Amino acid sequence: MYILARGNDAIKVNPITGVDESLTVHGSDWLWAVTAIYCFALIGCLVMSFAAKESQRVFHYLFTFSLLVGAITYYAQASNLGWSRVDQVNNLGNGGIRQVFWVKYVNWMLAFPSVTLALGLISGVSWTTIICNICLSLFWVGSYLAGAYVPSSYKWGFFAFGTFAWLILAMSTINESRAAAHLVGIDKDYIMLSGWTNLLWIIYPVAWGLTDGGNRIGVTGSSIFFGVLDTLMVPVLSAAFLFFARNWDYHKLSIAFSDSRPSRETDAAAVLKENAPHASTRLYSFTCDGWFHTGDYGYLDEHCNLYIIDRIKELIKTGGGYGSHVSATEIEEVVFSHEAVANAVVIGDRDERSQIDRPTAFVVLKATYDRCPSDDSGDPMLC
């Protein structure tokens, strides 16, 4: 006599009707195992987020969401829910009507953009590039989803468009983003993470062509195939991200979002007195509770210590991405390090077309130095 009866009765509770090729009990068992992996990774990511500094939780938040969605969608598949009957045109010997799980595409529509966003954040590329790559990943998955529901050979047209979008995404994350990651000093970590991601992404078109596309591999085999790929894509990749992130400088990468304070507020009497002549024409500088925006640029560390870096108006925009600004003061310090410089000021020369500043220095030489005629390059020399 069994004290507690055990078994997987998901297919009995949620029966399959009207299909020739469907999920088996063993396939459901495997999907339950993948669900458990996602749940375990989700709990681990949450625990690690509480141990991390507030300014270093961006990847914890990002992958927590991806793992949660993955756990829910695999729970639905293991329960034999979230599927449709689709007529097939290829390999009819394996069944003319196939059970297609649309919930796995929901998982990809959230997992692929999350991975793409994570790679974009550490590479230092512009937000335009990141958004474009996210849209490409959505187009890729959406095309495969549409193709899976086409009951004719025209499904391969959707497959072609989706795969083309993946090729553009791969070139961006491997080539363009790698060059940007080199500038922020984490190119080795980025190569490993993006290389692993794109290695898995290469297999997805093959897997789709053999399963929902070509109907060559059954539904249970398809569940095993994609279950392995998804486990390596999100739970394993998220663990790798969090492992490498321990040595990253979040401020240098401009992703310390919780620390970033683009404007400081103060109620100090001295500051108000200094700005009083101008405050009447700038009432928007005051908050409803009497605080005043000074326009300083800085951040708070994990101990709530305030660090003032520069003034917003004195920052020079050198690129189109988030955090692509340099301090004029820092450049001036480099200029002052030259023995011939007596005084210097650095400003940003704005290009009206690109709206990007070109750092320009105005230098006063010491009396012991003279400015010589320019050489062939057109640059002035010091004598």
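Along the chain as shown, the residues are counted starting at 1.
Just so you know, glycine gets a Cβ as well, placed from its N, Cα and C.
Sequence annotations record features per position, and here TrEMBL assigns transmembrane segment to 30-51 (among others). A Cβ distance under 8 Å defines the sequence-distant neighbours of the transmembrane segment (30-51), meaning residues of its chain 6+ beyond its ends; these are 8, 23, 57, 60-61, 63-64, 67-68, 70-71, 74-75, 77-78, 220, 223-224, 227, 230-231, 234-235, 238-239, 242.
As annotated by TrEMBL, transmembrane segment applies to 58-76 (among others). The list of residues near the transmembrane segment (58-76) in space but at least 6 beyond its ends in sequence, with Cβ under 8 angstroms from a Cβ of it, reads 31, 34-35, 38-39, 41-42, 45-46, 48-49, 52, 82, 101, 103-104, 106-107, 110-111, 114-115, 117-118, 121, 227, 230, 234-235, 238, 241-242, 245, 250, 255, 257.
TrEMBL lists 105-123 (among others) with the feature transmembrane segment. For the transmembrane segment (105-123), the residues of the chain that approach it from at least six positions outside its boundaries are 58-59, 62-63, 65-66, 69-70, 73-74, 82, 129-130, 133-134, 136-138, 140-142, 144-145, 148, 169, 173, 177-178, 180-181, 184, 186, 189-190, 193-194, 197, 230, 233-234, 237, 241, 248, 253, 255, judged by C-beta separation under 8 angstroms.
Here TrEMBL flags 130-150 (among others) as transmembrane segment.
Look at TrEMBL and you will find 156-174 (among others) tagged as transmembrane segment.
Under the heading transmembrane segment, TrEMBL lists 190-211 (among others).
Within the same chain, residues 23, 27, 30-31, 33-34, 37-38, 40-41, 44-45, 48, 56, 59-60, 63, 66-67, 70, 74, 77, 101, 104, 107, 111, 114-115, 118, 186, 189, 192-193, 196-197, 200, 203-204, 207, 210-211, 217 sit at least 6 positions outside the transmembrane segment (223-245) and bring their C-beta atoms closer than 8 Å to a C-beta of that stretch. Per TrEMBL, the feature transmembrane segment maps to 223-245 (among others).
Under DSSP, residues within the domain 'AMP-binding enzyme C-terminal' (330-368) fall into helix, strand and coil as 7 helix, 19 strand, 13 coil. Sequence annotations record features per position, and here TrEMBL assigns domain 'AMP-binding enzyme C-terminal' to 330-368.
Model confidence over the domain 'AMP-binding enzyme C-terminal' (330-368) stands at 80, taken as the mean pLDDT rounded to a whole number. Residues 116, 119, 123, 129, 132-133, 136-137, 139-144, 146-147, 150, 194-195, 197-198, 201-202, 204-205, 208-209, 213 of the same chain lie 6+ residues outside the transmembrane segment (156-174) yet bring a C-beta within less than 8 angstroms of a C-beta in it.
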